[in-house]
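**Q** Once you've had a glance at the structure underneath, I'll fire off some questions.
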Amino acid sequence: MSFIDSLATLGQYLPAVTKPKEKPSLGQKLVWSLVAVIIYLIMASTPLYGITSASFFKNLILEQIIFASTTGTLAQLGIGPIITAGLIMQILAGSKLISIDLNDPDDRVKFTEAQKGLAFIFILVESALFGYVLARTSTTINASILFIAGIVIAQLIVATYLILLLDELIQKGWGLGSGVSLFILAGVMKIMFWDMFGIASVSSQNLPIGFFPALFTALASHSDVLNLIVNTSTKNLFQPDLVGLVTTIALIIITIYLTTMTIEIPVTSQKLRGIRRTIPLNFLYVSSIPVIFVAVLGSDIQLFASLASYVSPSASNILNTVSGVFFFPPPNSAIPHSIYAVVLDPLGALEYAVVFIVLSILFGILWVDVAGLDPATQAQQLVEAGIEIPGVRNNPKIIEGILARYIYPLAFFSSIIVGLIAVFATLLGAYGTGIGILLAVTIAIQYYSLLAYERSLEMYPLLKRLIGE
């Protein structure tokens, strides 16, 4: 039995959500999607039993955004195992390391089951790792560490598998889009909402954490509002300010514009001679993948540095030094997370920007090659679909050369652009981080298109017959 067959067999034995017998209406899909989000948000607000704090993972902010996780809660792992399994399977399929034809319905089913099986394995492994670390560092219960770890691990396994089922519920047609996208969007919007409107008072100045409540409180009490324009406080490092708010709005507008830009390649169809159309290549060809990989790499090095402190302090110091270049301001530093940090540490800001953008370019080019987005794969798909480029022989090698003129420059420049968006968001203190903004905008645009599509099908039933639904 092959590797993918073994994973698919495991996936088949796991509890699953069945497909609806009849296609739900748009209203029903919206209700199920809302229910899934509410359950996720409840889990993200429910503390793990046996854990008093989760300060050990407090600095893994970017991972929490990417994986829609919340430290110290039932959503500690979030969608991390699902995304990790999905990326690995996509890389294996795109690089032809596994023999599978995603155009074959049976192989697609096998691929989906294998991905689910791999996600479950990651759930077990990550639950064991995080559960043990949390039990060792974040509890005051008078019991053995192994006993507490067992309780925490059990909670993480059940809760994370429930998140997997919620994702499956939406993907199988009960809801809209995918649960993974929906939970990321909900997580980023939650962070942005609290940065703008949070009323909890956590600062040394006794101001609410949200910008607008803090501004109202400061004006009403005739307090100094300069720190709310640009946060220069070394006591309240994470207080959102006006510069961050303006940056957030500007980056959202820029990201929407860039996300909707396309490069059109004229083509014709062998079946429909004389009819010309175009194939759009997204200007942000690699989407937010490069910055996600950079953020995950930095967070993982930081996590391993923390874990290594129990085994080898010297190794931990080395890893902490390496991970420091992935974050600005550096973790555990007394520098406010605002544009003022650039004034205090300009060399650190420059080092962070250079490292982040260079790695974004490397990951962007690598992703194109391993995920099947390269010119050779795209050319082969065009030939198999009977699509031709006018004035060019229908030869995969020739078409590959033409596509290479577009794809690699797009991959290079889009990697730089998403890297710059992430860097400027960090340096200027944008709400939700640059990666969060990129993910939220991309997902929101996808849902807008999906809602328009579903609405069109309901308004014009004839379209269902034309597209075979």
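Keep in mind that glycine also has a Cβ here, set from the backbone N, Cα and C atoms.
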**Q** Same side of the membrane for Ala16 and Asn282, as recorded in Swiss-Prot?
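**A** Going by what Swiss-Prot records, Asn282 is on the same face of the membrane as Ala16.
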**Q** Among the recorded stretches 21-47, 241-262, 288-309, 411-429, which has the greatest number of Cβ pairs closer than 8 Å to the transmembrane segment (179-197)?
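**A** The listed stretch sharing the most Cβ pairs with the transmembrane segment (179-197) is 21-47.
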**Q** Out of 147-171, 241-262, 288-309, 348-367, which stretch has the largest tally of CB pairs under 8 angstroms to the transmembrane segment (21-47)?
**A** 147-171
**Q** With helix taken as DSSP H, G or I, strand as E or B and everything else coil, how many residues of the topological domain 'Cytoplasmic' (172-178) land in each class?
**A** 3 helix, 0 strand, 4 coil
